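As recorded in TrEMBL:
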DNA_BIND  125-219  DNA-binding region
DOMAIN    3-119  domain 'Response regulatory'
DOMAIN    125-219  domain 'OmpR/PhoB-type'
MOD_RES   ASP52  4-aspartylphosphate
Amino acid sequence: MKKILIAENNEDFSYVLKWHFEQKEYEVFTTNTGSGALELYKTSLPDIILLDINLDEEIDGKDVARNIRIIDKNTPIIFMSGESKSPKDVVEGFEIGCNFFLKKPVSIEEIEAHILALDNKKTIQEIFKFNHCIFNTDKRCIIQGDRRDNLSEKETLVLQYLATYLSQGIDLYDILEKVWGDTSMEESLRNVISSLRKKISDKGLIISTIKNKGYVLEDTPM
């Protein structure tokens with residue numbers, strides 16, 4: 001089940017969004033404050049974030065996005081604003097790291113269309129460029145200079161999923177469901193993780209275990 005974090009200062013609109021996406025089988029987390037958004041981000045690890053930039057004065061939506069982007073460059077963020085947005089506002093939003101900038105009032109259908117566009121973009125990503133290597137999912141290999149390490153199908157799928165959410169912890173059962181379609185294959189996943197660790201250990205990539213949660217891939221400077 002995909003997770004969506006909604007930080008919206010209009011409680012009525014937030015309720016409607018929550019109801020709609022729950023019908024679409026999303027797990028929905030809502031808040032109307034910037035501090036609440038940051039806390040929910042840390043605890044829920046959402047797949048996508050809907051962020052009203054006009055939250056409380058202490059921590060507004062832009063501040064929330066800035067804080068998230070320090071540690072997470074990949075989770076899609078959609079900005080929403082009830083104020084008139086100038087080209088400068090839009091540029092600033094994209095510089096902060098949002099994927100889309102929507103002007104309210106905005107329909108749920110439009111929001112959903114943008115979410116689907118982001119999902120489609122994720123599913124077709126074939127090349128991941130890290131600090132010290134390139135991961136080619138189509139060729140099932142990791143390239144470092146003239147060296148090429150081939151990967152199995154399951155190694156490729158697991159690494160692709162971890163790379164898509166670089167520096168963001170992924171739930172163990174999400175990986176099992178995504179790669180095997182069976183949440184009982186924990187031993188198989190552990191074997192794949194062990195094999196991957198050996199292949200990426202000299203490339204600045206680290207797969208860490210999150211106790212009682214899952215795994216996280218990090219790209220280090222070495």
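Residue positions begin at 1 at the first shown residue.
In case you wondered, yes, glycine gets a Cβ from its N, Cα and C as well.
Cβ neighbour count for ASP52 (4-aspartylphosphate): 24 (other Cβ atoms within 10 Å of its Cβ, all protein chains included). Residue counts for the domain 'Response regulatory' (3-119) under DSSP, split into helix (H, G, I), strand (E, B) and coil, are 57 helix, 24 strand, 36 coil.
As a whole-number mean, the pLDDT of the DNA-binding region (125-219) in this prediction is 89.
Per DSSP, the domain 'OmpR/PhoB-type' (125-219) is made up of 35 helix, 28 strand, 32 coil.
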